[in-house]
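TrEMBL has this to say about the protein:
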| type | residues | note |
| --- | --- | --- |
| DOMAIN | 209-331 | domain 'Heparan-alpha-glucosaminide N-acetyltransferase catalytic' |
| TRANSMEM | 137-157 | transmembrane segment |
| TRANSMEM | 218-236 | transmembrane segment |
| TRANSMEM | 251-268 | transmembrane segment |
| TRANSMEM | 280-298 | transmembrane segment |
| TRANSMEM | 318-337 | transmembrane segment |
| TRANSMEM | 358-380 | transmembrane segment |
| TRANSMEM | 443-464 | transmembrane segment |
| TRANSMEM | 473-491 | transmembrane segment |
| TRANSMEM | 511-530 | transmembrane segment |
| TRANSMEM | 542-559 | transmembrane segment |
| TRANSMEM | 579-597 | transmembrane segment |
């Protein structure tokens, strides 16, 4: 979508040459010719259906038809990402004459005819498709078929290589050691298993690294890399402008969720191995500090544009959010974690909820922490803004609160960090034309990030306390998913914009956390069942980036503008070329993660 200034410029350029051919269209654009057959000047306004409570914005003026002349035609360029409502007003009284709701197709050419009906006061508007739009989604279908074919070939090879004939052939062609590695590897070495003498002491789910967790983390990371590289410049692979969800909005919370799950398993294993709590506390602080510094100094600055500038350095960020979240959740778990798991009899009346009740102090802390978020969000006075405002500002809410983007969340960031040290190009600029800087990884949202990780920690507690009881684990995951789904339905009223607390990635709203946690529990059921229970899938290829997540994330950010992750395209207005480039770049990071796994190189902080 365009800013108001851009709309007007496009309209004026077209109006000055009403009969010229439309210039070459870009991605997500269509050509619209408006023909005025009546003897009054008409003003054309436009508003996106995706823009909640937005006033129509002036697109241009279509001059009246001369008294004894041909109709006047003016050309415009319109966006195609979402349906638009076109409204035609008379210039004399600025009264609405007609409106048309239409979803334009990319690269299509359309005509809007404005004419009088039998009575001069009645105006008719009719939309005509002059040339059909292209199907911009075909590259996605083609890419899906290619990767599906590769997955099928991989599955066939994994089956064929276990046949005796193939095994003997490989023994003849290669060394015994190399052949054994090839046969048993499943594109990677087996999981880390405990010594046989320890199996009766250490549960399988904690002595053996769960591939499903690394697979889930790897999937989230791969999608994160893909969308950060551009996602083929499709709108649904970018972050939602304000309320709602796109594919890009799913992955970071899932990463946080799995981090919480890993915290529970890791700290429990360390304590049972005899590691002192003071040592673990030091490691927690040091790891959190490393994540924060890497995010601020390495990931956030764009060194291609010059040296680091402290005056405009963005302080919040993804790794910073991870560092803070890890610090709080890991300390919480360290305080209440037990050196030995309590083995309760299944006859105990509270056995079914003992994975929650045993850690009641942490629940009290998280509830209190969430209460702080609710109070600050809905009770903190924000200058010149309504208390409890959750909107995008800009032209949203009929333009009444242009400088109120994010309400209390934006105000706290600007007050604590300053305008120059937070994100300058929030996604709300795209549709809502907001002008205030706003950081989606800001201070207030970090509270709900802690809640997200804590719910992931609860998944880890389930894996610990119901070890090897697959039915119990899966049932509890589904129950948690159901409960969180009900909470989300109540908070949002099952709508995108009309709920008590809408789903919003920019704000990391409470409903956003409950919705994504619900989906995370359900996804974890699928991965756990396929990978660790039935072993129908080894987790390839997502398992490998999941094992080296920090290296892949930092690497993809640092080398984003370098070959082979980026190159000059023949047509930079082609979804197909952008998609190909982004998929190749993402696949390279998966290959790098696989090679590092084979060499047993892991970047752990």
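Cβ coordinates are placed from backbone N, Cα and C, and glycine is handled just like the others.
Counting residues 6+ beyond its ends, the transmembrane segment (443-464) has Cβ neighbours under 8 Å at 203, 205-206, 210, 253, 256-265, 268, 316, 321, 324-326, 328-329, 332-333, 341, 355-356, 359, 362, 366, 369-370, 372-373, 376-377, 408-409, 412-413, 416-417, 473, 476-477, 480, 484, 507-510, 512-513, 516-517, 520-521, 524 in the same chain. Within its own chain, the transmembrane segment (137-157) is flanked in space by residues 187, 232, 234, 540, 575-576, 579-580, 583, which lie at least six positions past its ends and keep a Cβ under 8 Å from the stretch. Counting residues of the domain 'Heparan-alpha-glucosaminide N-acetyltransferase catalytic' (209-331) by DSSP class, helix then strand then coil, yields 89 helix, 1 strand, 33 coil. Panel annotation: around the transmembrane segment (542-559), residues 188, 211, 213-219, 221-222, 224-225, 228-229, 255, 291, 294, 298-299, 318-319, 565, 585, 589-590, 592-594, 596-597, 601-605 of the same chain, lying at least six beyond its termini, place a Cβ under 8 Å from a Cβ of the stretch.
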